[in-house]
């Protein structure tokens, strides 16, 4: 008999775990900064770079705690990202082109404008161009954590908008990692990965619903991708596409669907362990000897400007233009000022930005540290200003009525109806 799980809605579970996990991530990042700037700094760096073994590839050498987190545990994070993408596209908020239109427009502009701003600030500085994708990412957990601090003042339509934009943003980030941050390809290992993925899809087509089978194949796929030169975390997204899924339009999520079961099982681990661990292992930057010349160097300044200015300009500007041109409707129960504030919260890059930063400048500790400074500055500014604006923004006149309707939909069915005024 399939194991039952509460709650019935994957979307409600997602919103709750991302919010709570985001708050934990905030504390993990703050703790990392405190420790990295204290007498415990040496112990902190020795711990995260401690060799644990074994040697999985000649390129990586002996595995360290940091490598296990960034190349191992983050593959599980990307597996969950892939599951969320598949669920939303097949049976959720992105199941139709009408629903995809606004998040796609917002996410595309929200990646393009920050990247363009970054390139403007770094100019022709040698070796910095490959960091263009760092400010293009959004940390959904961190942003949802900030929204959670606002309680009922954050309209559900804004939370759902943030979720869908971030999911499309994640798709873009995955594509960027696969296309632009891939080392020399080992064709034999890549062929093995393709064969393993083919077996996973064959199991899906054959009606295999045992998650242990898929998880065993996922481990093999991860190792093959690690050997191939394509970043191993991509294995998570690819594996997610092969997990069987049962559509439940207009009804609660199926308790026998392998994808739903795996998503529910992974959410707590990813939100409360993997993402905070990643934040703690990657956010520790020693700023004790930091001068203004380092803060305003092209790399950190370009990243900070891309996250704080680029995201809000790209997302809010594209949403406003789409509504004015009749391409999409306004978000139900949300004012323009609230939409602007959430556009700022999308500038919290953190997890994905730190991850891309480590790929953009491999082996260059100085540039990676400068990238971290820019990510922390841009993310912190986006979080603080976005929170303040959303906290002070007047509520929409129909706030209470729209909230009651939205919560009823989420409680009964994860397939929430369109949250734009055009759908009314």
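Using the three backbone atoms N, Cα and C, a Cβ is placed for every residue, glycine included.
Fair warning: this is a prediction, and the values are worked out from it, not measured in the lab.
Here is what Swiss-Prot says about this protein:
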| type | residues | note |
| --- | --- | --- |
| TRANSMEM | 23-43 | transmembrane segment |
| TRANSMEM | 65-85 | transmembrane segment |
| TRANSMEM | 102-122 | transmembrane segment |
| TRANSMEM | 131-151 | transmembrane segment |
| TRANSMEM | 160-180 | transmembrane segment |
| TRANSMEM | 183-203 | transmembrane segment |
| TRANSMEM | 211-231 | transmembrane segment |
| TRANSMEM | 265-285 | transmembrane segment |
| TRANSMEM | 303-323 | transmembrane segment |
| TRANSMEM | 341-361 | transmembrane segment |
| TRANSMEM | 373-393 | transmembrane segment |
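Among residues of the same chain six or more beyond the transmembrane segment (23-43), those with a C-beta under 8 A of the stretch's C-beta atoms are 139, 141-142, 145-146, 148-149, 271-272, 275-277, 279-288, 350-351, 376.
Counted over residue pairs separated by six or more positions, the transmembrane segment (341-361) shares at least 3 Cβ pairs under 8 angstroms with the transmembrane segment (131-151), which defines the two as touching.
Here the transmembrane segment (131-151) does not lie next to the transmembrane segment (183-203) in space: the count of CB pairs under 8 Å, restricted to residues six or more apart, is fewer than 3. When each of 183-203, 211-231, 265-285, 373-393 is scored by its Cβ pairs under 8 Å to the transmembrane segment (65-85), the top-ranked stretch turns out to be 265-285. Long-range contacts of the transmembrane segment (303-323) within the same chain, counting only residues at least 6 positions beyond its ends with a Cβ under 8 Å from a Cβ of the stretch, are 101-102, 105-118, 121, 131, 134-136, 138, 165, 329-330, 336, 339-340, 343-344, 346-349, 353, 357, 371, 374-375, 377-379, 381-382, 385. Sequence-distant neighbours of the transmembrane segment (102-122) (same chain, 6+ residues past either end, Cβ-Cβ under 8 Å): 93-94, 128-129, 131-138, 161, 164-169, 171-172, 298-299, 301-303, 305-307, 309-311, 313-315, 317-319, 322, 327-328, 343, 346-347, 420.
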